[in-house]
Amino acid sequence: MSQNIVTIIEDGNKKFLFLAWVRKKLRVLTGLTIIVVLFSAVISLATWDVYDPSFSYITLNSPNNFLGYGGAIFADIVMQCFGLAIVFCLPPPFSWAWSLLFGGNIHLFSRRFSAWIANFLVSTSFFASFPPTSLWPIQNGFGGIIGDVIIRLPILFIEGHPAGIFLFRIVLFVSMIVLLLFASGAIFRCQNGKQDNTNTDDNLANVQKERLEYTKLDIILGIVKAFKIGIARIFNLVSMRNHGYNYDFSNKKIEPTLDISFSDCMDSDQILKPQNNDLLNTDNSHSADHVYESSPETTSLGDFILPSKQILCSPKSFVRNANLSPEIMHQNACALTGVLSDFGVQGEIVNVRPGPVVTLYELEPAPGIKSSRVIGLSDDIARSMSAVSARVAVIPGRNAIGIELPNDIRETVLLGDLILSNAFNDSRYALPINLGKSIEGDPIVADLAKMPHLLIAGTTGSGKSVAINTMILSLLYRMSPDQCRLLMIDPKMLELSVYDGIPNLLTPVVTDSKKAVFALKWLVCEMEERYRKMSKVGVRNIDGFNMKVTQSHSAGNVINRTVQTGFDRKTGEAIYETEHLDLQHMPYIVVVIDEMADLMMVARKDIEGAVQRLAQMARAAGIHVVMATQRPSVDVITGTIKANFPTRISFQVSSKIDSRTILGEQGAEQLLGQGDMLYMTGGGRIQRIHGPFVSDIEVEKVVSHLKKQGKTQYIDLNDKMTTGEVANVLENSPSLAADELYQQAVAIVLRDNKASISYIQRRLGIGYNRAASLIECMEEKGIIGPASSSGKREILVSSMEELA
């Protein structure tokens, strides 16, 4: 019996020795792994570049980080969260790994680990207490996001007291050093008998004791952790139900959100007090729509896959502009008040709204001060404030005048930001287009279907063509070819030709001005054909038509229509027949005309008539026109066209006259260019917007993706012309055939039996070009023959009755 007991004890000792050996090797392996991870972290941080691709910065460039994409993402997360404090947080793990690598234990590991966590918090707070300089490349301070959050409360109590801030930094620095040394094991080491046993293989009793203690510790920690997790889970469930949340018990992956707004730069309730207690309200908080989230890379609409949102570049964050601090804005407000006082304008700056490009100063003038007097001082204000330009306008609905001054550092607005914004992704607009950002930095998304047409004007280089590209890309990112088709007219042959071949086009990009006339007349025919279809179904717009067609196809029914075909000869009763309508879904059609002035030079009458007809009637048919010109003069933007385009955008123009032509008031000549625009809605309200930028490379990549989705199905304008539909349009439009002057010219030719340009010119008292057009029109109608060698024409019709 005793021999069996001895055998069992020896077997147990061998088992304990084997476990001790395994545990020692695991320590070595763990230490080696930690050292490798630490060296990788140091390398990735040492080669960190703020412009490398990461979760907070989307770019197509390859990373500069030595460890590639993984290292770039890791370094970005660490720098965003901890900033420079990470340098003082790496030594403790290295010390632990060194001890484990040589088979030893980490004495007081739980306490040292707690000290390491505390060192994270203290070091981030210490670095966050120093204001970041203009060279710091990220939005957060030197202590990262964690440091900014922790330091916010203490700063409220010691702000304004330099001695208090200095003592606070000393306390943080001393605490950081003590915690760093303790976590690294440099202080409070065990002495003599309290030292850890590093040679566990030579002492069986110590091995057995260590095993028992390690097991008990594991059991205790496991029980405590399980209890803590259970209590926390129950508390979360109860709190979610009390607040009305629907908790999802499945482990569904939640897409991370990317918030790159700069609303934390200033508190929304922060008030600057230069003269009284309520002077400047630097409200820099953004609306709920200004939240950027990580959307799916691609969206599928049936077999058609929309372009990936990763194609477009998105900035990492808004760079803090040191010139927009509350103190600087306070000084600018006081300086602006002094400038106005010098010119005899008394008032008070009641609010300041900083933005990405300009800062709005709201002036409440003293009683008796006319608005026109302040508006006329825009050039003097710009000169006195050392600004490039200054725009002054009345703020609707308030007793205030807005003075917009450009910022010293201008932020670039990118289309990738707007595509990722909730304002664009969550909008339920029929034709959403991204216009840019407001003065406050909020995304502006408009519905082209409600405009219903858009007129754009601006000088060369003002950002007009880039804005058209951003509008087109906005539609391509939301609409498939079955939902929206495009017809592009580009007489300049440069801006829109890149879109040739995408499935959304109705025809190849029209670059010939004469073909543009045919394309617009085809659109008029298409509009009338759509109206006939909607009339048969009994709906008022394209949305109602498509809904009715969709419901009919879903139910498997055929749309029928009862029509009267005549009367019964015997009874005199009406005879009805049932007409079966085979109708299909009608997509929206967006017409983009990049340069209206070039078209008006070639065929002014036909172009103006077609555009006028489309602008007046095409809204309900789902046809919308986006027309741009760099010469907003009255001979290009005629009164007829202007009246049918209530929604207009003006970029920088050369004179106040051009601004009044497009907007009805001055102010567009004070814009900054490069996408800076004034947006006028149908009600006449004008809003300043900073347009987004999209590069040619991004456009080409989107076009390349769309070309892979399928073959483009073009319509043939020539076939449409041979059917005679366009001829009917000409007869119904205000062209030469329906002109009273033309009828007079025909009557003169038939009465006097003479047909020549000079004769018509003398009899009607018109110019040569007009008379020549009348003669050519009569020749096309077969009234007169072609001119002979002597210039005489044969009259083929003898009386007006033959024409009828």
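Note: Cβ is positioned from N, Cα and C throughout, glycine not excepted.
Taken residue by residue with DSSP, Gly461 (ATP binding site) is part of neither helix nor strand, so it is coil. The annotation ATP binding site is assigned in TrEMBL to Gly458, Thr459, Thr460, Gly461, Ser462, Gly463, Lys464, Ser465.
What TrEMBL records for 441-660 is domain 'FtsK'.
Feature annotation from TrEMBL assigns transmembrane segment to 26-46 (among others).
Annotated transmembrane segment per TrEMBL: 66-92 (among others), in sequence order. Within the chain, the transmembrane segment (66-92) has long-range Cβ neighbours (under 8 A, six or more residues past its boundaries) at 38, 40-50, 52-57, 112, 115-116, 119-120, 123-124, 126-128, 138, 140-147, 176, 180, 183-185.
Annotated transmembrane segment per TrEMBL: 136-158 (among others), in sequence order.
Per TrEMBL, the feature transmembrane segment maps to 165-188 (among others).
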### Task
Please average pLDDT over the domain 'FtsK' (441-660) for the predicted structure.
86
### Task
Find, for the listed binding-site residues Gly458, Gly461, Gly463, the residue with the lowest Cβ contact count at a 10 Å cut-off, counting only other Cβ atoms.
Gly461
### Query
Per residue, counting other C-beta atoms within 10 angstroms of the C-beta, which of the binding-site residues Thr459, Thr460, Lys464, Ser465 reaches the highest number?
Lys464
